[in-house]
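Colleague: Structure provided below as structure tokens; questions to follow.
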């Protein structure tokens with residue numbers, strides 16, 4: 001016999017009440033900066049005609065995705081610090097994981113599209129204008145968004161039909177898949193296999209395609225004869241290269257390394273960096289390292 005549960009307790013980062021206010025202020029500042037930075041990028045790309053190019057169109061999509069990304073995790077975390085209520089219903093937990101998983105899949109696809117755009121601009125400049133037309137950009141962006149949400153639809157449907165019987169404590173700051181699956185008393189073997197296949201499909205091929213594009217870009221930049229040309233080409237690609245390195249570096253640490261007792265605290269720390277700081281870092285990287293974005297910000 002099992003006692004079915006309808007809500008879980010997200011343990012988060014600290015059980016000490018004295019730390020709740022400082023943590024609330026810290027994450028509130030991060031959330032406000034993240035939203036302000038990403039919304040600023042979206043507005044600049046939409047308003048400045050000099051930024052009406054495929055690269056900045058995809059950047060605007062990425063900023064919109066990052067704003068949604070942060071809003072699936074941080075508001076609930078802030079509420080738990082403010083009210084000391086860390087309980088969340090199973091249905092809301094599944095919804096949070098489904099939204100986060102969908103956006104993660106979409107981001108992997110969008111990074112491939114952005115790296116392909118830079119590959120075409122630098123390695124195939126004569127074909128760039130013909131291939132990266134407005135219609136093609138819209139189709140690539142829509143495919144990136146839709147693919148992530150379609151991939152999570154089966155997962156969300158399957159999770160919603162499972163029975164959860166505890167324990168009620170989740171040693172995490174949001175509803176991730178592996179901790180959530182440990183609470184179920186249903187047969188989770190097929191569910192784990194499906195998730196593994198979907199994760200491999202939406203991370204490994206995009207990572208390899210992104211890596212291949214980046215290597216081709218670096219090789220093409222090295223072949224440019226003039227130092228000024230190399231600097232100009234690298235300045236347009238360096239934000240993407242930094243962003244891809246940060247994203248896949250933290251994802252590898254969180255999901256590839258074994259979840260042992262020794263690596264547990266580090267895993268949660270890197271999860272925080274991957275899910276909270278990366279959405280803030282991406283617009284800052286483009287703002288600080290991209291001349292056109294800096295000029296648009298100054299004129300605005």
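Note that Cβ sites are derived from N, Cα and C of the backbone, with glycine treated the same way.
Here's the feature list from TrEMBL:
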- 23-44: transmembrane segment (TRANSMEM)
- 37-286: domain 'G-protein coupled receptors family 1 profile' (DOMAIN)
- 56-75: transmembrane segment (TRANSMEM)
- 87-116: transmembrane segment (TRANSMEM)
- 137-159: transmembrane segment (TRANSMEM)
- 190-221: transmembrane segment (TRANSMEM)
- 233-257: transmembrane segment (TRANSMEM)
- 269-288: transmembrane segment (TRANSMEM)
Colleague: Pairs of Cβ atoms less than 8 Å apart decide it: which stretch in 87-116, 190-221, 269-288 has the most with the transmembrane segment (23-44)?
Modeller: 269-288
Colleague: Counting only CB pairs under 8 A, let me know which of 56-75, 87-116, 137-159, 269-288 has the most with the transmembrane segment (190-221).
Modeller: 87-116
